[in-house]
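Worksheet for the structure shown next.
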Protein chains: 4
Amino acid sequence: MCGIVGITDAGGVSFPIYYALYALQHRGQESAGITTFDGMNLYKHKAQGLVAEVFDAGILDELKGNSGVGHVRYPTTGAKIPENIQPFYFTFKNRKFAIAHNGNLTNTWQLKEEYESRGQIFCTTTDTEIIGNIIADELTHSSSIQDAVLACMKKLEGSYSVALLVDDTIYAFRDPLGIRPLCFGKLNDGYIVCSESVAIDALNGEFLRDVRPGELIKINSEGITCTQVAESSGYSHCIFEYIYFARADSVIDGKLVYNVRRRIGQSLHLEAPVKSDIISPVPDSGIAHATGYSESSGIPYREGLIKNRYIGRTFIMPDQKARENAVRIKLNPVKGHIENKSVVLVDDSIVRGTTARRIIDIVRDAGAKEIHMRVGSPPIKAPCYLGVDMATRKELIASTRSQEEVCKHIGATSLHHVSIDSLIKATGLPPEDLCIGCLTGTYPIKIGEEKACPRCITYKSGTYQSALKEFD
Amino acid sequence: MCGIVGITDAGGVSFPIYYALYALQHRGQESAGITTFDGMNLYKHKAQGLVAEVFDAGILDELKGNSGVGHVRYPTTGAKIPENIQPFYFTFKNRKFAIAHNGNLTNTWQLKEEYESRGQIFCTTTDTEIIGNIIADELTHSSSIQDAVLACMKKLEGSYSVALLVDDTIYAFRDPLGIRPLCFGKLNDGYIVCSESVAIDALNGEFLRDVRPGELIKINSEGITCTQVAESSGYSHCIFEYIYFARADSVIDGKLVYNVRRRIGQSLHLEAPVKSDIISPVPDSGIAHATGYSESSGIPYREGLIKNRYIGRTFIMPDQKARENAVRIKLNPVKGHIENKSVVLVDDSIVRGTTARRIIDIVRDAGAKEIHMRVGSPPIKAPCYLGVDMATRKELIASTRSQEEVCKHIGATSLHHVSIDSLIKATGLPPEDLCIGCLTGTYPIKIGEEKACPRCITYKSGTYQSALKEFD
Amino acid sequence: MCGIVGITDAGGVSFPIYYALYALQHRGQESAGITTFDGMNLYKHKAQGLVAEVFDAGILDELKGNSGVGHVRYPTTGAKIPENIQPFYFTFKNRKFAIAHNGNLTNTWQLKEEYESRGQIFCTTTDTEIIGNIIADELTHSSSIQDAVLACMKKLEGSYSVALLVDDTIYAFRDPLGIRPLCFGKLNDGYIVCSESVAIDALNGEFLRDVRPGELIKINSEGITCTQVAESSGYSHCIFEYIYFARADSVIDGKLVYNVRRRIGQSLHLEAPVKSDIISPVPDSGIAHATGYSESSGIPYREGLIKNRYIGRTFIMPDQKARENAVRIKLNPVKGHIENKSVVLVDDSIVRGTTARRIIDIVRDAGAKEIHMRVGSPPIKAPCYLGVDMATRKELIASTRSQEEVCKHIGATSLHHVSIDSLIKATGLPPEDLCIGCLTGTYPIKIGEEKACPRCITYKSGTYQSALKEFD
Amino acid sequence: MCGIVGITDAGGVSFPIYYALYALQHRGQESAGITTFDGMNLYKHKAQGLVAEVFDAGILDELKGNSGVGHVRYPTTGAKIPENIQPFYFTFKNRKFAIAHNGNLTNTWQLKEEYESRGQIFCTTTDTEIIGNIIADELTHSSSIQDAVLACMKKLEGSYSVALLVDDTIYAFRDPLGIRPLCFGKLNDGYIVCSESVAIDALNGEFLRDVRPGELIKINSEGITCTQVAESSGYSHCIFEYIYFARADSVIDGKLVYNVRRRIGQSLHLEAPVKSDIISPVPDSGIAHATGYSESSGIPYREGLIKNRYIGRTFIMPDQKARENAVRIKLNPVKGHIENKSVVLVDDSIVRGTTARRIIDIVRDAGAKEIHMRVGSPPIKAPCYLGVDMATRKELIASTRSQEEVCKHIGATSLHHVSIDSLIKATGLPPEDLCIGCLTGTYPIKIGEEKACPRCITYKSGTYQSALKEFD
């Protein structure tokens with residue numbers, strides 16, 4: 001998962017992109033990058049680390065120009081390779097290009113093979129470079145970026161929200177299923193396109209609307225034009241953006257994420273009520289869901305766990321033998337809220353179950369009589385091939401275990417996952433507009449029985465082998 | 001304000017001190033330091049920055065030994081001077097000393113003069129060095145550290161919680177008024193003394209009790225001994241520890257801070273009820289108070305502002321002309337929760353009023369119909385001379401303005417501060433056990449008309465001139 | 001100018017490459033990089049800075065494998081672009097490539113155009129990437145790297161010494177004119193190919209011989225094979241390697257550089273004897289020449305200027321108004337050697353004349369009666385298109401001024417440049433084996449009236465416009 | 001060994017001190033510091049590392065004021081303790097002090113005991129702090145810094161050259177034996193006092209004269225005054241300053257160091273002539289001596305070893321098993337100068353013999369027929385108690401071995417040390433004006449049978465136990 005942004009502004013773009021990326025930091029903490037264009041040159045800076053670590057005022061001052069793109073990247077194994085940090089930039093026929101991409105192509109391997117057969121070399125191991133290649137290739141027989149983007153979209157399979165800088169113009173486009181979010185807004189003296197609306201808020205801009213599936217947005221100093229370049233049979237919003245990934249204060253495709261989560265919390269109460277003393281979130285991911293449960297049940301919302309806010313990238317976690325202490329150092333139980341109490345603990349999801357078990361241990365040690373776990377997503381049973389880096393199937397605790405087994409494994413008094421129906425209802429979207437592949441194993445794109453990629457990922461359902469970092 | 005910790009443990013102390021300081025990080029983000037003793041040598045490391053920035057595993061590995069002290073320091077102008085970073089260490093007659101101090105002496109100036117008249121030079125501009133000097137001076141005619149500490153306490157005026165390392169032994173003592181917190185607990189293979197109980201929690205230790213005013217705790221490999229060395233006429237707990245400074249999950253002198261704040265929130269509702277749509281905290285400082293208000297009123301608790309969690313020390317804040325955006329980048333209004341709503345906004349305190357005004361601006365821009373500000377402390381009318389770095393008197397918005405004027409200044413629909421009576425009641429402590437000098441101008445220690453110190457602080461009430469950073 | 005190295009060694013190559021690059025550090029101080037291969041993956045690290053700054057033991061430990069290439073880069077404007085730091089690496093049909101290149105192609109522009117017309121994008125602005133492109137393109141219709149290298153050499157024009165890593169094998173080749181040096185040797189458990197013999201010395205290896213113009217050396221765990229792949233009509237050794245660029249203790253194409261320089265010094269004496277008190281080098285570049293002059297003349301060699309050895313990359317040079325002090329801080333005159341003396345000052349070359357003038361000022365200020373400047377190269381009259389980053393033609397002091405004018409400009413009592421004839425004789429090589437284009441404007445390769453490159457360099461003689469850093 | 005500087009200049013002093021310290025960098029590479037005063041405050045910065053690493057332009061800009069002192073420190077174990085880095089600063093009775101000290105007191109232990117008995121604590125383990133203590137103590141009964149310095153000098157034993165900043169005035173004084181160098185000069189708009197004349201040269205200042213033994217120099221905005229405060233029975237110049245420590249281009253107490261070394265080289269030839277092919281220095285320490293030998297003998301001076309100039313503090317030396325390669329990586333033999341030749345190798349001194357042996361190995365491996373070692377100092381037989389950190393007596397190769405045994409140990413064909421008589425003659429100074437304790441074991445100050453200091457150094461001759469770094 002990643003966050004992207006593209007901005008044109010007559011007053012310079014490096015600082016606005018910085019603040020926008022900062023607002024999108026939750027979409028990727030592994031690395032960050034900005035590329036700008038000043039009419040002559042590309043200026044670029046990217047490195048591992050948080051936005052606030054990668055950039056300083058001196059660096060931003062040197063990123064000159066009135067158009068640019070930025071990117072934050074989710075921690076994956078691949079990202080440790082510095083050349084993979086985005087934006088990806090290149091030159092072609094005296095034009096400067098930079099690409100920021102969020103999503104996951106499912107036919108990268110075939111595309112690379114096709115271009116290598118023509119002598120093309122690859123400097124990175126990212127999907128992003130192949131997008132650049134296809135566009136350049138199209139431009140050898142057409143000078144229209146728009147045509148090239150359309151031709152490119154015809155070749156790409158999978159999810160992609162892209163901000164493409166070509167000299168002083170930003171071309172932003174979203175895959176025909178609209179899997180990953182992308183929206184745009186008006187700034188003081190320009191425009192912004194970005195993964196989530198919170199980036200527009202951070203710049204005090206005016207949210208205009210979401211980019212439509214298959215749509216191409218072109219922004220530069222002359223203004224903005226929107227073209228439906230690819231046919232789209234409708235949305236397949238990623239359900240996990242609503243459950244966990246997006247910021248609660250984002251509005252994605254018309255829905256305030258916080259409200260979706262609060263409604264999920266309400267459903268959790270209605271589906272599995274329990275007589276308890278307090279409703280406590282697992283901070284921060286379960287807060288919105290927990291307020292919903294509390295409102296619906298009338299049981300007081302009270303923080304049973306306080307999160308230490310100073311954990312940084314360089315914090316030294318306790319080693320193996322003291323691993324159980326690791327969670328304790330991040331989350332401190334509030335004994336006075338928990339002791340001799342029946343506690344409903346609300347979190348957004350359970351992936352491997354390890355963290356859930358440790359948190360429940362802590363809450364029990366602090367004296368809770370009962371711990372009722374309520375989870376804001378149905379059991380996750382299948383991997384995501386479209387951009388969320390979940391565990392492999394065999395590590396997904398719900399892929400092979402019943403709810404009772406999971407409850408026992410994590411040590412809860414009771415466990416309830418929200419139902420798929422209630423979840424869909426909470427989004428307020430029609431079921432056919434959602435991708436819920438991770439819950440059902442059925443995806444909006446044909447995946448599986450594909451040719452195996454020897455490098456990193458085998459796209460065969462059931463044997464998915466990811467080198468990507470897990471997030472449980 | 002600062003946080004201190006002293007640990008003896010047969011298994012080494014650098015990592016435990018690191019985790020304890022991390023739990024106390026909220027008490028000081030400017031600098032951090034650890035000094036340990038291994039039977040032969042002092043090992044020491046201290047620098048500007050957060051605990052996680054100042055130390056890494058390699059540094060902690062080199063801080064050898066089974067006893068040590070640590071310190072985190074609140075950002076003050078003085079702390080930019082590297083020699084002022086604590087612990088302060090020195091040698092005296094072949095013994096190694098290290099001191100970590102939280103508090104503020106009110107007779108530093110007179111003490112320095114006395115010692116300088118005997119030829120003593122000062123390497124720092126801290127209170128801490130003078131404590132070291134007094135103890136060393138006493139040790140010239142007695143070899144008992146306990147006697148030296150008692151003699152020292154007789155000379156010191158003001159607030160001080162101290163962890164003193166003398167070779168392999170930690171001597172911890174608290175001023176006779178018990179102004180700053182200090183408690184101790186049992187670890188696996190040793191003992192811990194620290195500013196707040198959360199540091200004991202972080203190490204999965206057993207909280208024993210608070211250090212009493214005027215008490216001296218001695219811990220080393222032989223165990224722990226407690227001696228009432230100085231007479232105490234009773235407690236003068238700093239009220240601001242309960243209002244703002246301490247962590248909500250700390251238990252200070254028997255009171256869970258979270259509950260004190262929640263009860264303040266309840267009083268806020270009872271004292272100044274308002275018919276509104278939602279109760280929203282100003283995150284994070286108003287959360288506990290807001291849950292109390294919500295519970296008491298039955299009006300839903302809903303986050304109207306979402307805090308970006310990735311602000312770090314190196315984050316570049318927008319410059320002057322865009323200063324109003326600074327708050328927006330840290331706090332994003334959740335329009336869907338606020339628009340066309342009547343909002344009760346709860347925060348812990350108002351110092352200068354600048355931040356409050358900006359937050360209210362944001363909430364109004366997001367469409368709130370009414371904004372009722374509820375504040376968890378009475379108006380702050382006087383400076384603190386005992387360790388909390390508030391603004392100078394003339395900058396305290398409530399020192400010269402009525403509540404109505406403040407309400408107008410910050411732009412709220414209505415404003416209510418909790419009353420002193422309700423505040424005291426919320427702590428559950430007798431009024432005489434609290435220092436509420438910042439609310440009344442009456443302190444438990446005589447201050448004012450003192451000889452002026454030309455260096456940093458004039459201890460004359462009404463003309464208090466602090467070089468210290470303000471925290472509004 | 002740059003330095004390259006390729007090593008295969010059964011005991012790991014990162015540390016040997018590090019020491020070899022360190023021995024070649026004089027060939028490039030701007031950036032450094034190493035890429036290794038361990039049978040599966042490429043490991044790579046590169047950054048701006050000196051070899052000792054770019055790498056540490058931890059980084060070298062992670063550069064696994066028994067084959068690898070390394071590069072040091074001369075400071076040029078282009079190198080501030082991080083993606084231009086070498087080695088350049090890419091993947092092609094599941095094979096891993098890394099290229100380290102020393103030299104300058106003269107037909108880069110045409111080659112880029114050719115490949116762009118087929119849809120190829122360029123990630124860097126280096127010559128090196130085009131070499132990779134050509135080789136990959138050739139490999140689409142042949143699986144022989146050797147054939148691909150030969151086809152590549154047929155396309156390239158200009159100077160190039162290349163170390164190409166393809167999986168576990170190093171292919172090293174030198175342009176058919178042998179302009180830049182390249183040699184190879186035997187290590188304990190492998191082989192090394194490198195720019196200068198001093199890198200072999202540093203590893204205590206056995207020098208085998210120079211790579212021949214047009215020759216391809218292949219080294220891997222199976223040993224070494226040498227193939228004359230391209231026709232060569234003979235050598236065109238760069239004269240400036242002997243005059244200045246190479247280390248004095250290198251043996252290039254059979255000649256010890258120190259001796260070449262010493263013989264130049266002898267010729268300087270024979271061509272322009274002068275009755276003086278001491279012979280002093282300009283350190284360090286004039287030392288070898290000065291010892292030759294001293295031996296030939298019998299006048300004592302004495303250091304009239306002492307160089308401060310601690311100048312590092314971060315040293316702050318005095319600013320503009322005190323610029324004349326800059327040289328003084330690096331070079332201190334030894335008054336006792338100079339005062340009231342007639343001094344012969346020997347340096348290797350004069351490019352712009354600025355430094356020479358400042359040094360002569362210092363020596364005169366220190367009391368020298370006469371200052372006779374003797375220069376180890378003939379006047380530099382034309383730019384180098386083949387890899388030495390000299391000033392542009394109009395900045396070359398000798399391009400438009402007579403020797404008398406230069407002498408007056410720099411303020412010397414007398415000035416003499418070694419003659420071209422003596423210089424050639426000093427090398428011990430036949431005149432036809434040398435490229436002396438910078439002295440005559442006549443190059444071994446057709447340059448000029450080429451299509452203009454809008455990006456960085458116009459290859460039109462007389463209008464050469466370089467963005468490259470000057471080294472006077 | 002260390003370097004010190006004090007500057008007053010109406011145009012600001014931080015940059016001049018920086019350049020002066022840079023010129024004195026050879027006297028200490030372990031750490032560096034500058035303290036300045038602007039009429040109100042002390043500004044200070046100090047850290048481990050070279051001058052160019054410790055400071056940057058931003059830091060120097062913040063070191064405000066027109067008077068200041070600076071220090072560079074020789075690598076010793078003690079210096080790893082950050083508080084020991086100089087200048088040492090303190091406040092006393094509202095005055096600001098900073099001290100930079102070069103030398104070694106021999107009665108530190110007794111002085112510390114005396115002051116501790118009065119309750120004085122010590123923040124560092126340096127001699128420097130005790131100097132500050134004594135001066136402060138004297139100022140309790142006199143307001144004259146001059147009187148305090150005189151009283152201080154009466155208490156101190158050993159060697160000391162001190163630059164003391166008291167508010168805006170610099171007091172510089174030298175011990176009554178003048179063991180360590182100290183001189184002063186005139187700058188554009190102020191004065192400089194410094195360890196060696198090269199620092200004056202670097203600022204293009206005018207050398208005035210050396211500070212006399214027992215003399216006190218006072219400089220501030222009003223000018224300079226010189227007072228002979230302590231009686232002096234004459235000089236005891238450290239002979240090792242001339243042999244090795246000082247820069248060749250320094251003039252110390254009237255003697256150009258380069259010429260002293262050249263004359264030593266001439267004596268080496270006259271005392272031990274040998275028919276050889278070349279005279280080669282061990283760079284850089286033997287260069288001046290070697291030119292003297294070459295001139296006297298008429299045998300050509302030729303560099304047989306080339307030193308790699310890029311060794312920095314972060315360079316990774318080969319590990320133990322490859323230790324013999326360590327010297328090779330720093331010093332490359334010039335085979336063409338050595339092979340089948342008889343070589344006279346000239347160095348300044350032999351301490352442990354390890355380095356000499358490795359260098360001779362390298363030269364022999366490069367094919368030298370004969371290697372005649374000529375050494376610019378007599379055998380070092382005793383430790384230095386007065387500021388040069390030599391090896392302990394038992395590690396001094398010459399303390400227990402005859403010249404023949406040393407020759408055999410290092411593997412030379414022949415070995416000759418210059419005689420004490422010739423050495424003294426080369427300095428041009430009367431024998432009684434030199435401290436040659438390290439050559440004879442007889443010191444100008446009573447040392448030995450002193451009370452043992454348990455901390456670092458036992459001042460008993462023959463059992464000297466130093467924790468200090470060796471420099472062979």
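Glycine residues also receive a Cβ, built from the backbone N, Cα and C atoms like all the rest.
Remember, it's a predicted structure, so these values are computed and weren't measured experimentally.
Here is what TrEMBL records for this protein:
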type: DOMAIN; residues: D:2-222; note: domain 'Glutamine amidotransferase type-2'
type: ACT_SITE; residues: D:Cys2; note: active site, nucleophile
type: BINDING; residues: D:Cys238, D:Cys384, D:Cys435, D:Cys438; note: [4Fe-4S] cluster binding site
type: BINDING; residues: D:Ser285, D:Asp347, D:Asp348; note: Mg(2+) binding site
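Model confidence over the domain 'Glutamine amidotransferase type-2' (D:2-222) is summarised by a mean pLDDT of 94.
For D:Cys435 ([4Fe-4S] cluster binding site), other Cβ atoms within 10 Å of its Cβ number 25.
Counting neighbouring Cβ atoms within 10 Å of each of the recorded positions (D:Cys2, D:Cys238, D:Cys384), the lowest count belongs to D:Cys384. The 10 Å shell around the Cβ of D:Asp348 (Mg(2+) binding site) contains 25 further Cβ atoms across the protein chains shown. Neighbour list (D:Asp347 (Mg(2+) binding site), Cβ cut-off 8 Å, at least 6 residues apart, same chain): D:Pro281, D:Val282, D:Ser285, D:Gly286, D:His289, D:Ala356, D:Ile359, D:Met373, D:Arg374, D:Val375, D:Gly376.
Long-range Cβ neighbours of D:Cys438 ([4Fe-4S] cluster binding site) (same chain, at least 6 residues apart, Cβ-Cβ under 8 Å): D:Ile239, D:Phe240, D:Ile380, D:Lys381, D:Ala382, D:Pro383, D:Cys384, D:Val388, D:Met390. Same-chain residues with CB within 8 A of the center of the D:Ser285, D:Asp347, D:Asp348 CB atoms, the Mg(2+) site residues themselves not counted, are D:Tyr244, D:Pro281, D:Val282, D:Gly286, D:His289, D:Val346, D:Ser349, D:Val375, D:Gly376.
In terms of C-alpha distance, the listed recorded positions D:Cys2, D:Cys238, D:Cys435 place D:Cys238 closest to D:Asp348 (Mg(2+) binding site). Cα spacing between D:Cys435 ([4Fe-4S] cluster binding site) and D:Cys2 (active site, nucleophile): 18 Å, rounded to the nearest whole number.
Within 8 Å of the centroid of the Cβ atoms of D:Cys238, D:Cys384, D:Cys435, D:Cys438, where the record puts [4Fe-4S] cluster, the same chain has further Cβ atoms from D:Ile179, D:Ile239, D:Phe240, D:Leu386, D:Gly387, D:Val388, D:Ile436, D:Gly437, D:Tyr443. Taken residue by residue with DSSP, D:Asp348 (Mg(2+) binding site) is part of neither helix nor strand, so it is coil. In this structure, the C-alpha atom of D:Cys238 ([4Fe-4S] cluster binding site) lies 14 angstrom from that of the residue listed as 'active site, nucleophile'. Mapped onto three states, the DSSP output places D:Cys438 ([4Fe-4S] cluster binding site) in helix.
Counting Cβ atoms from all protein chains shown, D:Ser285 (Mg(2+) binding site) has 18 others lying within 10 Å of its own Cβ. Following the DSSP three-state reduction, the secondary structure of D:Cys238 ([4Fe-4S] cluster binding site) is strand.
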